[in-house]
Amino acid sequence: MAPPRKLHIKSYGCQMNVYDAQRMVDVLAPEGFVETASVDDADLVILNTCHIREKASEKVFSELGRLRLARDEASRDGRRMQIVVAGCVAQAEGDEIVRRQPAVDVVVGPQSYHHLPRLLAQAAQTGRALETEFPIADKFGFLPQPQPEAIRARGISAFVTVQEGCDKFCTFCVVPYTRGAEVSRPVAAILADVERLADHGVRELTLIGQNVNAYHGDGPDGRPWTLGRLLQRLAAVPGIVRLRYSTSHPNDVDDDLIAAHRDLDALMPFVHLPVQSGSDRILAAMNRKHTAADYRRVIDRFRAVRPEIAFSSDFIVGFPGETDADFEATLALVTQIGYAGAYSFKYSPRPGTPAAEMPEMVPAAVMDERLERLQQVIDAQQSAFNRAAIGRTVDVLFERAGRKPGQIVGRTAYLQPAHVFPPAGMAPDSLVGQILPVRVDSLERYSLLGELAATPPRHARPLAATGA
């Protein structure tokens, strides 16, 4: 029997890329590949790229330069290393990658990685393989199921893609061009995946999609199901104790999703709901198709049915034409909502997007100053939210042993890491997969520290009360 070939994947960007990287491993496992943490002994290296941030492609080319040296070293040792560029940079700039970096064997877009075995064989024969077309048939029907040992090795939490692509065409965003139009998987296919994951130890699911709450997959009744209805069904799968979803668009929050948050204890009271700006003028320029007031009303709908719910968001500062008044409107919105955390970025033009051609680019120094001010407010809110847990008892789903001997690590409903030393005689590994009450004693940066409690947890105070 031939020895296994070693595969190293370096993944950038979003949760979808994390999921895609795992599925690439599943695709290549029948071909005899096993994962390795090191590039140096890899027979195959895959860069699973992201195109969202500025200079994404240049970072890829820089990494490819380093990989070319590793490939040369492998060749001197008598080994052949193949190099693959996958993901959204591959989709957007495949021809440029082929032109600039001859060391690359395969360039494959995010809708075609189920063809990796064929593409690798083609590259071995002809020297190069490129596939970045959007296929007629979606890839999910062709992906092999992960092996039980792979599921267990990935832990008790898992991502499941239910929707892919986006039809919103925000003027700053490349996703519609790199991931394509919105496609939703059938309910039956998702349910089969989830039941298999649960059978092999998964306890927490995060349903993912570029615009996940636009989900409209075919249901067993022959009608399209909403995300809320899908969540209701998945909450009934034995073994699944927590459900999450990401990333959402405010315009696609419907009655079914609100009802799911009202009715399902398994659906965590923590929602990532990007808004990008608090200025109606900038929101219109971004083609977001909602106002700041619309966004606040969506937040209010969630809080009306789940008072303990918390939110995170995304913000862009320095969008073309953003004035001081526009930025102050963003600060005002952040203060009004009160977030458990948020991600803030300086605007970076993405080639091929409408915003990249807009006039009135904001000076870099102004963007830097605005980003710092916004991040200070966000950090203060996150600190206040975390401090509010001190002295309280919260539910923690334990995931793995901690870095310190005898320590166990899990996460709260709000994704806060929680570090606990179980009582003497209780093995930390025995707690993995269990939800147990933890009394929070203190904080360490963004983590909660505490001890197992005998009393059941209380609901956290609604986040609106902790806004900075």
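Including glycine, each Cβ sits where the backbone N, Cα and C put it.
Cys14 is the only one of Cys14, Cys166 that Swiss-Prot places in the [4Fe-4S] cluster 1 site (with Cys50, Cys88).
Highlighted in sequence order, Tyr12, Gly13, Met16, Asn17, Thr49, His51, Ile52, Gly87, Thr178 have their Cβ within 8 Å of the centre of the Cβ atoms of Cys14, Cys50, Cys88, the residues recorded for [4Fe-4S] cluster 1, and are not part of that set.
When Cβ neighbours within 10 Å are tallied across all protein chains shown, the highest count among the binding-site residues Cys88, Cys173 belongs to Cys88. Cα of Cys50 ([4Fe-4S] cluster 1 binding site) to Cα of Cys173 ([4Fe-4S] cluster 2 binding site): a span of 12 Å. Model confidence over the domain 'Radical SAM core' (152-384) stands at 97, taken as the mean pLDDT rounded to a whole number. Neighbouring residues of the recorded [4Fe-4S] cluster 2 site, listed in sequence order and excluding Cys166, Cys170, Cys173, comprise Lys168, Phe169, Phe172, Val174, Val175, Pro176, Gln210 (Cβ within 8 Å of the Cβ centroid). Just so you know, of the binding-site residues Cys14, Cys166, the Cβ with the fewest other Cβ atoms around it within 10 Å is the one at Cys14. With the fewest other Cβ atoms inside 10 Å of its Cβ, the least crowded of the binding-site residues Cys50, Cys170 in this structure is Cys50. DSSP gives Cys88 ([4Fe-4S] cluster 1 binding site) a helix state.
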